[in-house]
Structure formats: structure tokens, C-alpha cells
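Some features that TrEMBL has for this protein:
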{"type": "DOMAIN", "residues": "A:16-207", "note": "domain 'ABC transmembrane type-1'"}
{"type": "TRANSMEM", "residues": "A:20-43", "note": "transmembrane segment"}
{"type": "TRANSMEM", "residues": "A:55-78", "note": "transmembrane segment"}
{"type": "TRANSMEM", "residues": "A:90-111", "note": "transmembrane segment"}
{"type": "TRANSMEM", "residues": "A:149-171", "note": "transmembrane segment"}
{"type": "TRANSMEM", "residues": "A:191-210", "note": "transmembrane segment"}
Amino acid sequence: MGLLSPTMQDLLLEAAWQTLLMVGASAAIAVVLGLPLALLLLLTMPGGLAANALVHRPLGLVVNAVRSTPFIILMVAIVPFTRMVAGTSIGTNAAIVPLALAATAFIVRLFENALREVDRGVIEAARAMGATRLQIVTKVLVPEAMPGLVAAVTVTLVSLVGYSAMAGAIGGGGLGDLGIRFGYQRFMPEVMAIVVAILILFVQGLQSLGDRLVRRLSRR
Amino acid sequence: MIRLAGLSKRFGTIGPLALDSVSLSVEQGEVFGIVGRSGAGKSTLIRCVNLLERPDEGHVEVLGQDLLALDEAGLRTARRSIGMVFQHFNLLSSRTVAGNIAFPLEVAGVPRAEREARISELLPLVGLETKREAYPAQLSGGQKQRVGIARALASSPRILLCDEATSALDPETTAEILTLIRNLRERLNLTVLLITHEMSVVKAICDRVAVMEAGRIIEQGQVFQVFTRPEAETTRRFVSGVIGHGVPSGTLARLPPPNPGEQQRLLQILFAGPGSTRSVISEATRRFDLDLNIISGRIDEIGGVPFGVMALAVYGESQRIDAAISWMRGLGLEVTEGIPEVRANPPAETA
Ligand SMILES: Nc1ncnc2c1ncn2[C@@H]1O[C@H](COP(=O)(O)OP(=O)(O)O)[C@@H](O)[C@H]1O
Ligand SMILES: [Mg+2]
């Protein structure tokens, strides 16, 4: 890294850590919130194991609303909420709030699709064997959908890397922010190049890790 | 064991009834088949036995229990004594053979050691000792169905429901699976209710059969009875594909006309047991001075009972033919006048 000054190297390291933190934390939150929500959507849909339009419709609406709001607007729109949760509306921690929210809405639909792919016949077999709904969820739906769920997490992580670059707008920091501030605004093309290279490596790494995991889990 | 009374079911608010007041009783230890074309309502009916489908009307009694009166927990317990096997196996792709067989036991809260012991009992029963740790994707269709059967039997049910259990399999594997089901029935004293669109399956393992059409049972009885004396047209068509009952349409028109002063009569002769029909027929021609034209003949076995059907065109004087018929009836042959014509190649039925 002789190309960069020691200060710049520190900045890069810090930015990489911030990106990692934003992506990792918001993805973790998205998975934890997204899976139960996706299951809820699936079970309550018409013809589902616990069909309930009163739950399904509003939940679907909220998810779609969040999904269709451009991230940059979402980030600004939920500032009061962010302040409530993170105690502040700027900085890396604050950026995690809108990122987690967007990622949750994003992953819910991906999870829902993955769960929907589970063969109806297998669920029916479980019912015929006297399984409870909870057992069907934990022993059939989730394990059978696991490769699809992992693929959904991979897609979400990759998208989050992109979204996290926008978090610079509220002082979130991270690699994208660094690239714009130094590479673009201060005309340091080498910084931009390195930032882009790191992001590409990062995304590639995530993708191939995810793919490998999916392949290992997939028994079809 | 299974008593269904007046079951009706309609999907949606309009449209035809998928089940139209169906009543059926299956007795302890028997293999009962329901046969019918695709869409006849067979799956809907068998799914009513463990209430995967709830009938709009009617009564479902299984092992002396009124299933419709049970709450959810009661129904789950009841379902554990009713095993079910599916056309597309419906195995968990994420679990090994052992894991799949363990599923119903896990669901019922059976401890691990006991589950393992039970798996070790079941695997040899279905001939899969070497496949314990294989995943379904690594198995052939027949092996998958063996896993499906082992899984259905894991919680020691007294009833086995088979929904087109062999329809996704080739004929050879079908025969193997049917033999397996028959053997298991005997060893485990099971009562089997199976549905199929293939009469050959009924012929191979059923004791009694019901024929379904448009949500109704149009005919039922002992398999031998239904095969040898089908009443409804649909039944006749189903049966003809398997035992050559009737002759292809157009055959009768090509028969030679009778000589002047003589008659041509068409007879169908049914005999249980291989017997010496040949000599009966040649004796009849001599004794009554008749000409006989054998249009078709076939010897077959249903439920272990050998029987034959022969279609004859008889030429001769009217009274002589009458006399010959009474004579043959006197020998214990069943003689009916008229030969049903059926389409030569019934269209392939799909599930
Ligand atoms: N879940 C369902 N929703 C709507 N219609 C159904 C459903 N299941 C079956 N049917 C209809 O009920 C009739 C009987 O179907 P089914 O019992 O599957 O017939 P079979 O098993 O004899 O082929 C068919 O007309 C079918 O379209
Ligand atoms: Mg069917």
C-alpha cells in the first residue's frame, strides 16, 4: 500500500470496518426479524396453514411500502425513529437503523419466496403424520427451505454493501463514503480505485461463500 | 376400521361436487381399492379419512373414533394411527432416509434411542438396510417409495392410506411395491385403503374395490366379482384394459353371417379356475351340432383366484343353442348373451 499515505491507510481501514459493521449488523437484524415475519406472511396467506387476512394484508402492505421507498428517502424519513433507537441520527450506529429496516423488508420477501418453494406435498405429509404447526415450521419449512434462505441472505448482504455506501449521507462512514469524499471530491483517483477494488472483493467473497454454502446445504 | 357416510365436498362455492354423498366401509385387515379416472374425487375422498380435507357434510369414523368431533390435538393423535403414502413420495429432501423415517416419531415425542431402534426395525422390513444415511435425491423412485412406506409405518399405525402410491413408478417397480404392501399387510395386520387410476393395481392386491366417477361411487364389491361381472359402463371399460373383458369395437361387425335358417348368437363364458373349457366347448359343438367361433379368450388370476373369460360366436339352430347354453350352465359355467364392445385402446389415464 505504498501508494497511500499512512493516514489514508488508517482511514481506509476504519472505513472498511464501518462498512463491515453496517452490513453485518443490519443483515443480522434483518435475518432475525425477517424470518419470523416471512413465516407469518406465509402461514397467514389465503390457503396457508393459519390463513388470516387480517394479519396478512396489513403486514404485506407495510413490507411493500418500506421496500418501495428509495433508501435515501427512507433514511431521512425515519430520522426520529433512528434517534429513538440509536440515541443519535448520525454516525455508523445510526446508519444501521435504516439499513436494518430496509434490509428486513427486502429479505422478508426473499425468505417468503424461499419458504413458498417448499413442496406442498411434504407439508401435507407432515400434517398427515400429526405434526403441529410449530413442528411444521421448525422441522419442515425452515430446514427444507434452508438453501433458499441462505441464498436470500447472500443477496441481502450484497445489496447492503451498496446501500451502506449511501449511509455516508447521514455520517455513517464506510468505504462508499470514503470513496466519494476523497476519491471524488478531493480528486484522489487512487483512493477511489482502491475503495472500488475492496468493495468488489468484498461482494465477490460474500457471493462465493454464499454459493458454496447453498451447494453444501442443497440435497436435491 | 374406516366408516365413511354421506361425505360431500365442494371446492369453492360453485362448481361440481368433488364428493357427492359417498359412503364406504373398510373392514379390519382388508385391502380396499378405489379406482377412477383422474378428477373423479379419489384423492379428496382418501384425504377425508385423516381429515387433510374436511368434508362439507358426512361422517368420518376411523378405528371407532368420530374424527370430525375431535379437537386439533385429538386429531393429531388420531392421525398417528393412520399412515399415509403419497404418489410423489413427499420425503424431506433435507433429511436422510433415517431422518425421514424418524420424522413421525420425533413429532410424537419419541425419545432418540427409541427412534433409532425403530428405524433399525423398519429398514430391513422395506429392504433399505444399506441406505440408512442416504438422502432422497440419491434414491430411485422405488427406493423413495420404500422410505415413504417405512415412514408411514414408523408410528405403528393400524391403517395405511395409499394415494396413487405406485403411479409415479415403472411397471416392474410398481409390482415390487405392491408386493411389499401386501406382505406388510399380512405381517403387521394392516388395513389398507388405496386409490389408483390403474385397474392392474386393484387386480394385484385388493380384496374389495369401489369405482368412482364424478364424486360418486358407482359400483363396489369383491374384486373378483367386479372384474368378472362389471355392471357400470365405466367399470367395464376399466376392467377391459386389464382382463380383456369384451372385444374391441368393430370386431363383431366382421364376423361371418349365419347360414340361412340358422342363428348367430354371441356368448360370453366365464369360468372360475382353469378347468377344461376346451373340452367343454368342443363337446358342445359335437353334442348340439353347432359351429363355434372363438372371438377371444383369456385366463387370468384375480386375488389368487384363477378365472377365464371367453367370447364366442355360436352358429346353429336356435333351440340347439339354447340347449347348449343350459348344458354349459349345468356344468357351472357362467354364460351371458351378448359381448360388450369396448374401445380398443382406452386412452391412458393420468393421476
Ligand atoms: N384443493 C382443491 N381446490 C379446488 N379444487 C380441487 C382441489 N382438490 C381437488 N379439487 C377438484 O376436485 C375434483 C376431484 O379431485 P381429486 O380428488 O384430486 O381427484 P382424483 O384424485 O380422483 O384425480 C377435481 O375436479 C379437482 O379439480
Ligand atoms: Mg388424485
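Numbering starts at 1 and runs along the chain as it is shown here.
Glycine is treated like the rest: Cβ placed from N, Cα and C.
Sequence-distant contacts of the transmembrane segment (A:20-43), counting only residues of its own chain at least 6 positions beyond either end whose CB sits under 8 Å from a CB of the stretch, comprise 49-50, 55-56, 59-60, 63, 92, 95-96, 99-100, 102-104, 106-109, 111-112, 115-116, 133, 137, 141-142, 149, 153, 156-157, 160-161, 164, 167, 172, 174. Scored by C-beta pairs under 8 angstroms, the transmembrane segment (A:149-171) has its highest count with A:90-111, from the stretches A:55-78, A:90-111, A:191-210. Long-range neighbours of the transmembrane segment (A:55-78) within the same chain, counting only residues 6 or more positions beyond its ends whose Cβ lies under 8 Å from a Cβ of the stretch, are 37, 40-41, 44-46, 48, 95, 97-98, 101-102, 104-106, 108-109, 163, 166-167, 169-170.
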